[in-house]
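**Q** I grabbed these lines from TrEMBL:
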- GLY59, GLU60, SER61, ARG125, ILE163, ARG164: L-glutamine binding site (BINDING)
- CYS91: active site, nucleophile (ACT_SITE)
- HIS212: active site, charge relay system (ACT_SITE)
- GLU214: active site, charge relay system (ACT_SITE)
Amino acid sequence: MQNPLSTAPSGDSPLVGVLALQGDFREHLHSAQTLGARTVAVRRPSELAAVDGLIIPGGESTAIDKLARSFELADPIRERIAAGMPVYGSCAGMILLADRIQDPTLDLSGHPQETFGGIDMTVRRNAFGRQRESFELDLDFGGLEFSAGRDGDGVAPVHAVFIRGPWVESIGDGVEVLAQLEPAEMPAAATVDSRARIVAVRSGNLLATSFHPEVTGELRVHELFIRMIKGEA
Ligand SMILES: NC(=O)CC[C@H](N)C(=O)O
């Protein structure tokens, strides 16, 4: 059967897969397509095997974890990550790329939710509060130097939308911080202390953001990811 969310091959642009089990995968497909990438919605191991890079969308990390296991995608995704496939995770996708979750949800038999892992970090789910504490702001974001000068002299800030997003509680060696929030930039309910909180990281070929560039028309995070797939960043 033709996959309706695939786009036709064109030239040598990379094939970007978007894990399409739950969450806002359509928005990620749209962002990658707008940048001229070939895309495929990934629901089967054979679709995963064909991609050059994978996006894990925002949504609900417990649901994506369960579905990935029942669709027999979880272990193949872990294997591709171990083999160096570039992966970008936003929000729930960030949680799924973390080696550790501070506060994992337990299923009915007491089994904690799993992640694919790959980034040596601990994340805290729903760290900024619940749905009604969703917020937006402009953020300095490292790694976007390629965009400098397009809208002025420097790199324009990234407009970030946070919807029940995680923050990164701690990182290991080799994890680069691309963006963080100062306490004054967070909803009051989230400012438990005076620490800045990490909201975007890169570790080798893995990229993760607490927020959702796919819902704002901000294309530079996806552009960075496509550059990573091409080996240009
Ligand atoms: N917008 C999102 O992706 C929210 C993530 C969600 N709170 C989770 O833990 O999976």
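For all residues, glycine too, the Cβ spot is worked out from N, Cα and C.
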**Q** To see if you understand the setup: which same-chain residues, six or more apart in sequence, place their Cβ under 8 Å from that of GLY59 (L-glutamine binding site)?
**A** GLN22, GLY23, ASP24, PHE25, CYS91, ALA92
**Q** Near HIS212 (active site, charge relay system), which binding-site residues out of GLU60, SER61, ARG125, ILE163 have their CA within 10 Å?
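**A** Passing the 10 Å Cα cut: ILE163.
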**Q** Given ARG164 (L-glutamine binding site) and GLU214 (active site, charge relay system), what distance in Å do their CA atoms have, once rounded to a whole number?
**A** 15
**Q** Hey, how far is SER61 (L-glutamine binding site) from GLU214 (active site, charge relay system), Cα to Cα, in Å?
**A** 17
**Q** Can you tell me the three-state DSSP label for SER61 (L-glutamine binding site)?
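**A** SER61 (L-glutamine binding site) sits in a helix per DSSP.
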**Q** Between GLU214 (active site, charge relay system) and ILE163 (L-glutamine binding site), what is the CA-CA distance rounded to a whole number of Å?
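**A** The separation of the Cα atoms works out to 12 Å.
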**Q** Here the recorded positions are GLU60, GLU214; which one has the lowest number of other Cβ atoms no more than 10 Å from its Cβ?
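**A** GLU60, out of the recorded positions GLU60, GLU214, has the fewest neighbouring Cβ atoms within 10 Å.
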**Q** Checking proximity to ligand 1 here: which recorded positions out of GLY59, SER61, CYS91, ARG125, ILE163, GLU214 have their Cβ closer than 6 Å to it?
**A** GLY59, SER61, CYS91, ARG125, ILE163
